[in-house]
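Notes follow once the structure below has been shown.
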RNA sequence: UGGGGCGUCGUCAAGUGGUAAGACAUCAGGUUUUGGUCCUGACAUUCGGGGGUUCGAAUCCUCCCGCCCCAG
């Protein structure tokens, strides 16, 4: 059996590669170039080739930038234009890493795909399931909740039990230096973390409009709905007696609905593009749903109807944002499914 | 130009003789593989302007400027 290791150039995937090698697996390393060719592109490829050479693992660099543009960047832009708040990282996993990249790796002879995600695959009563990583601060299961379970069952996650803080020492001990020493936190295809500039440079975006309280009272102006997202506080520029948050966007009237924090909670939400890790009838009566990365998963009643997932929150829950992922877990941290939020209820 | 009221940070606003609260906004950091949230820090030597009283005024007096309301 051959395992392809997806290496990005960062330290996590490099460690994943090294850990698998210690397990004496048949390996090959694949690097997908998601961005158009550039000198940085070459530098990363060279660095990775060198590291793989040190480890004695065959290395393949693949130009996937066109697929990335079609499957991640274009939808990202389209969703922003439609008034949604897309989550490109969550889409990149099913469409690119476990999609195009995995397919390319199979063509190179790989049976399985390994990545440097901080998650694990474990045997549960529903079968082999995706589970939160041991390092709770670094767990990335939320971003993988849209990946089909059949793909995940062909995945290897060597960092399942690794703590992020131990990674640098690990690599140093192995004499490995990642070509991208400090991982970038921003969206990989948006320079300088400036998504607003990226969008305006790429196409025409909607213009200014009124900012109103839930009762309809106009108290300010926004510079484009796409510049704001549900739950956002900063950047509104509206002086008020208390902090104001974005509650909603009314695309039809180009109105930003804002209000104090106590208006921010929602009772539930609906999600589409549902990805079930197991049949919904096998879910517990009460699940835990996470509607944002970095948010605690909270209890909810969940049911499937007309191909969509409905959630009834059992605790106060900050209004979910259309376009973001709703990841469903059980108490043990098993990922039961995921969907794209369409509406808060 | 009769009567009344008001003018303190970008906004709201406390302070009525003892040496300019606070909130919002903004900016800068921190946290963070999306957008956000959250945390920390910075933000009026000065109170519409001039003069005066006082050891000392945003607070008292005075003149000027500006705004608002009610009458004409």
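Numbers run from 1 along the shown chain.
From the backbone N, Cα and C atoms, a Cβ is placed for every residue, glycine too.
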Among A:109, A:116, A:127, which residue shares the ATP site with A:6, A:7, A:8, A:9, A:10, A:11, A:12, A:13 according to TrEMBL?
A:116
For residue A:188 (active site, cysteine persulfide intermediate), the same-chain residues 6+ apart in sequence with C-beta under 8 angstroms from its C-beta are A:34, A:35
Taking DSSP as the reference, which of helix, strand or coil describes residue A:92 (active site, nucleophile)?
helix
Please find, for A:6, A:7, A:8, A:9, A:10, A:11, A:12, A:13, A:116 as listed binding ATP, the greatest distance between any two Cα atoms, in Å.
12
Shell of the ATP site beyond A:6, A:7, A:8, A:9, A:10, A:11, A:12, A:13, A:116, same chain only (C-beta within 8 angstroms of their C-beta centre):
A:14, A:15, A:16, A:115, A:178, A:180
Residue A:6 (ATP binding site), number of other Cβ atoms within 10 Å
23
Rounded Cα separation (Å) that holds between residue A:6 (ATP binding site) and residue A:92 (active site, nucleophile)
13
